[in-house]
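Student: Below you will find the structure I want to go over with you.
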Amino acid sequence: MDLISVLIQLLGFHAPQHIKYFIFFVFFIIYCATICGNLLIITLVSYSKSLHSPMYFFLFHLSVSDILLITTILPNMLYDVLMEETTMPFSGCISQLYFFAVAGMLECLLLAVMSFDRYSAICRPLHYNLIMNLKFCWVMVSICWALSIFVIFVYALIISQLQFCDLNIIDHYFCDFDPILELSCSDTIMVQIALKSAIAIVVVMPFCTIIVSYIYIIVTIFKIHSISGRKKVFSTCSSHLTVVSIYYGTLFCVHLIPSRGKTWNSSKYLSLMYTLVTPLLNPIIYSLRNKDFKNAAGKLINFLLVYYQ
């Protein structure tokens, strides 16, 4: 079938209309809060000199990734919530899949890089500035972006070459890899094996980097004799650990657990965690207990009050 004429129908959420209005309101608030929170982090990191450090440099790019992730999914989902049946051209579906997957892979890689930053700060404090210099930070971020863009482009290109039949209904609220592959009339076994292998590498290898980094960090923390010293050092990692637990926990459940062990509905609702909840929580988790962010936000507010008086 000519892919230009293929329309993908997204079933989205099955609920009475009055419930859909409530879902629309909740998702709209989540979207606005997520965009505002991440834009605030981007603004503060860009203009506050006290936040010009490797940790906040990586957090800046994590916020960009969160905005890309939620903007790829949620505006279309808001429209779908209010409509009984929504269709999307195949090209639009592949585009959504591509940008969503790029943002997802980028977040995995950035979380791994941020764990290495915490390892360097805690386990090798005397060499931290030498290791995490500006050039190294830019190289790491550039690699994260380049890998995400290239790897996902290859898989999106492979999927776009498959044949699709007349019945193109996806019981999901966005175009994800597995639902699209199930629609294909082509033999997708090799594609699915390659895709699962790539996802395993993209998810598991950064996760292993995080685990190894935190093993060294925990060993270093236990070498600190004072309890207050241990708490102070661990508090610098608590935000990152919380984000990693939420994000990787749902990724493992959705993409690495065999399909016979879960239903499409469970996959749909688990996907909400890393497509909606994680981008919303990241700014809150990283800034709520962070004195540097509070001070930078206070200075920004004071500047704006003086400027507009």
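If you go along the chain as it appears here, the first residue is 1 and each next one adds 1.
Each Cβ is built from the backbone N, Cα and C atoms, and glycine gets one as well.
So TrEMBL says this about it:
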TRANSMEM  21-45  transmembrane segment
DOMAIN    37-286  domain 'G-protein coupled receptors family 1 profile'
TRANSMEM  57-77  transmembrane segment
TRANSMEM  97-116  transmembrane segment
TRANSMEM  136-158  transmembrane segment
TRANSMEM  198-221  transmembrane segment
TRANSMEM  233-257  transmembrane segment
TRANSMEM  269-288  transmembrane segment
Student: Restricting to the domain 'G-protein coupled receptors family 1 profile' (37-286), what is the model's mean pLDDT?
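Tutor: So the average pLDDT across the domain 'G-protein coupled receptors family 1 profile' (37-286) works out to 83.
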Student: For the transmembrane segment (97-116) against the transmembrane segment (233-257), do we get 3 or more Cβ-Cβ pairs below 8 Å once near-sequence pairs (under 6 apart) are dropped?
Tutor: yes
Student: Cβ under 8 Å to the transmembrane segment (57-77), counting only same-chain residues 6 or more beyond its ends: which ones?
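Tutor: Those are 12, 27, 30-31, 34-35, 38-39, 41-42, 45-46, 88, 96, 99-100, 102-104, 106-107, 110-111, 113-114, 117, 137, 140-141, 144-145, 173-174, 275-276, 278-280, 282-283, 286, in sequence order.
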Student: Hey, which bits of the same chain come close to the transmembrane segment (21-45), Cβ under 8 Å, at least six residues off its ends?
Tutor: 13, 15, 51-52, 56-57, 59-60, 63-64, 66-67, 70-71, 74-75, 77-78, 81-82, 276, 279-280, 282-284, 286-287, 293, 296-297, 300
Student: Under an 8 Å Cβ to Cβ limit, what residues of the same chain, 6 or more beyond the ends of the transmembrane segment (269-288), are close to it?
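Tutor: Here the qualifying positions are 27, 30, 33-34, 37-38, 40-41, 59, 62-63, 66-67, 69-70, 73-74, 100, 104, 107, 172-174, 176, 239, 242-243, 246-247, 249-251, 253-254, 262, 294, 297.
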Student: What parts of the chain pack near the transmembrane segment (233-257), using Cβ distances under 8 Å and only residues at least 6 beyond its ends?
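Tutor: 104, 107-108, 111, 114-115, 118, 121-122, 196, 199-200, 203-204, 207, 210, 214, 217, 220-221, 224, 267, 270-271, 273-274, 277-278, 281-282, 285-286, 289-290.
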